[in-house]
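Feature annotations, courtesy of Swiss-Prot:
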- 1-11: compositional bias 'Basic and acidic residues' (COMPBIAS)
- 1-39: topological domain 'Cytoplasmic' (TOPO_DOM)
- 1-28: region 'Disordered' (REGION)
- 12-26: compositional bias 'Low complexity' (COMPBIAS)
- 40-60: transmembrane segment (TRANSMEM)
- 61-88: topological domain 'Lumenal' (TOPO_DOM)
- 89-109: transmembrane segment (TRANSMEM)
- 110-127: topological domain 'Cytoplasmic' (TOPO_DOM)
- 124-127: motif 'Prevents secretion from ER' (MOTIF)
């Protein structure tokens, strides 16, 4: 009993063959719009530069030095100088959270605009 080999291409032949030509109406638009990428890059830069910059600005300014302009109370000045890295860390954390909330808000606005545009298109199709 001999079995006949099918006339179809083998796996190696199929893999080596060029892909079948697609129609000219294929969709070549990017999966993510460019403005979304630019916003993401901007917020990424803000997330890196903002908190680190605020940390060093706050550390170098002496923490809460604006509370004791011309005070002779040296204990308060000593405590604010000691707490300066702590205050700077808190400032950096607040800055990071503000950038994060800003990104979430901008993404929410973009999503809302897309939903409104989609609902308008659906209303036009229904008419």
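Here the Cβ of each residue, glycine as well, is placed from N, Cα and C on the backbone.
Mean pLDDT for the topological domain 'Cytoplasmic' (1-39) in this predicted model: 73.
Beyond the ends of the topological domain 'Cytoplasmic' (110-127), by six or more residues, the same chain brings 36, 39 to within a C-beta distance below 8 angstroms of the stretch.
Secondary structure counts, DSSP: the motif 'Prevents secretion from ER' (124-127) has 3 helix, 0 strand, 1 coil.
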